[in-house]
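> One structure, pasted below without further comment.
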Amino acid sequence: MLNYDVLVIGAGPAGSSAARYASRYGLKTLLVEKRPDIGSPVRCGEGISKAWMPEVDIKPEAHWISDEVKGARIYGPSEKKPIMLTAESAGNEVGFVVERDKFDKHIATLAATEGAEIWIKSPAMSVIKEGNRVVGAKIRHNGEEVEVRAKMVIAADGFESEFSRWAGLKSPILKKNDIISALEYRMENVDSNEDFTDFYLGSIAPAGYLWVFPKGPHEANVGIGVTITMMKDRLDVKNYLDSWIKSHPAYSKGRIIQQISGGVSVNKVKDKMSLPGLLAIGDAARLIDPITGGGIANGMISGKFAAQVSKKAIDENDFSEEMMKNYDLMVKDKFERKHLRNWFAKEKLGTLSNETLDKLVDVVADVKMTSISVEEILKGVQLKYPELVSQLEDLI
Ligand code: FAD
Ligand code: OZ2
């Protein structure tokens with residue numbers, strides 16, 4: 001049996017961020033990852049904005065940046081004039097398309113630098129509980145099942161998260177209209193614009209969108225997310241992506257060098273993301289933004305919160321439900337209102353016809369955007385089409 005202050009399950013960006021901060025706060029920390037290679041295989045569009053990075057002490061580094069973009073373009077179904085979110089008009093920083101495998105390894109390296117121990121190829125197999133408190137996990141490590149005891153356990157095991165459900169947390173369960181099925185090709189020999197991440201709305205991607213995130217002059221991630229309630233068949237999402245590519249000469253001449261797929265949660269913030277001795281973070285806590293589908297930033301921020309509450313719980317020797325609520329409150333304070341607004345907006349957007357979406361994009365494209373954010377787009381919609389956002393007007 002081994003003893004730690006903090007055991008983190010999963011070395012994605014959320015888990016590595018939690019392990020990094022827990023170690024920084026002086027806690028003896030073990031980070032376990034089931035895969036043999038942190039960050040790989042990549043399952044991500046790799047698009048991130050810059051604005052949140054200082055919050056989790058991340059400085060951009062060339063080795064994990066694939067492309068620096070100057071803005072985002074959002075196209076309606078007829079693909080005419082897009083809504084432009086650009087650094088020039090908004091006057092703030094934009095974002096990157098990253099090399100996600102290198103990015104994830106970088107965050108794990110930062111955790112190691114602070115002193116965290118890391119085990120790869122080491123899946124958590126089951127939860128150890130004493131009464132209602134989680135006190136560790138059984139980990140398969142070097143061919144053996146090792147009992148790891150920890151004062152605090154952090155579940156960072158991603159969208160397919162099982163650990164917190166094994167422990168008895170119900171909140172990871174999602175409603176069908178809050179699940180996106182996503183598919184993406186990494187494509188070579190395409191003509192995308194290196195300066196922009198592009199988003200395409202409409203019946204080409206029912207209740208979701210299609211994206212093109214540039215990775216260089218002739219390389220891009222071309223992906224699609226569709227709400228699963230809009231799908232009749234598992235293959236629908238591939239058919240949607242293939243038919244869009246086929247009808248766009250800049251992409252149809254391209255070559256697919258990698259295909260990935262995965263689930264994306266697009267829900268409101270859950271009420272409870274903790275149990276005594278256990279905190280769920282990142283995708284395991286369903287913290288993806290419900291309109292952009294972006295989860296890297298939120299995962300890393302929630303990892304920092306989990307480390308802070310772990311430190312407090314350990315210092316005060318209090319692992320009660322009440323103590324864990326501090327984490328739920330920090331997460332809600334940060335994300336609840338924004339995700340509620342974006343959830344309502346995505347629900348509404350999913351009901352609009354191509355014709356309405358075209359009109360909407362056309363008029364909102366004329367609004368000067370002063371920051372690169374979803375809020376700014378919704379303010380534009382409120383200005384031009386108030387009836388569409390009447391349900392969420394208090395949140396804009
Ligand atoms: P993950 O990155 O999933 O990490 C979880 C880790 O836990 C994994 O390494 C896994 O192997 C490990 N693990 C699982 N079970 C166990 C176990 N039992 N024991 C040990 N380890 C375990 N977000 C963005 O911000 N920008 C994007 O462009 C973007 N594009 C996306 C495109 C697609 C197709 C998909 C599916 C998602 C996309 N996302 C994007 C979402 C983003 O990938 C996630 O929100 C992000 O990875 C969440 O980080 P995480 O650390 O919570 O989980
Ligand atoms: P704000 C990002 O985080 C980029 C993430 C890209 C993730 C791609 C993953 C795709 C996976 C699945 C698809 C999910 C589909 C979800 C359903 C949607 C239903 C329509 C922008 O720049 C964050 O970016 C704008 C960044 O956002 C992105 C900052 O935003 C455009 C979003 C696309 C669609 C919106 C449609 C609205 C159209 C209305 C006509 C602000 C703060 O940082 C500022 O301080 O999270 O707001 O950050």
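Glycine is no exception: its Cβ is also placed from the backbone N, Cα and C atoms.
TrEMBL annotations: computationally assigned, not manually curated.
Not my notes, these are from TrEMBL:
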{"type": "BINDING", "residues": "Ala14, Glu33, Cys44, Gly45, Gly47, Arg100, Ala124, Glu162, Asp283, Gly295, Ile296", "note": "FAD binding site"}
{"type": "DOMAIN", "residues": "178-264", "note": "domain 'Digeranylgeranylglycerophospholipid reductase catalytic'"}
> As a check: which entries in Cys44, Gly47, Ile296, the binding-site residues, place their Cβ less than 6 Å from an atom of ligand 2?
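Only Gly47 meet the Cβ criterion.
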> Could you find out if DSSP has Ala14 (FAD binding site) as helix, strand or coil?
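Helix, per DSSP.
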> By Cβ count within 10 Å, point out the most packed of the binding-site residues listed: Ala14, Cys44, Ala124, Ile296.
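Most Cβ neighbours within 10 Å: Ala14.
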> Looking only at the domain 'Digeranylgeranylglycerophospholipid reductase catalytic' (178-264), what is the mean pLDDT?
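Residues in the domain 'Digeranylgeranylglycerophospholipid reductase catalytic' (178-264) carry a mean pLDDT of 96 in this prediction.
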> If the FAD binders are Ala14, Glu33, Cys44, Gly45, Gly47, Arg100, Ala124, Glu162, Asp283, Gly295, Ile296 per the record, what's the largest distance between their Cα atoms, in Å?
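Among the residues the record ties to FAD, max Cα distance equals 29 Å.
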> For Asp283 (FAD binding site), what is the tally of other C-beta atoms lying within 10 angstroms of its C-beta?
28
> CB neighbours of Gly47 (FAD binding site) within 10 A?
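Within a 10 Å radius of the Cβ of Gly47 (FAD binding site) lie 24 other Cβ atoms.
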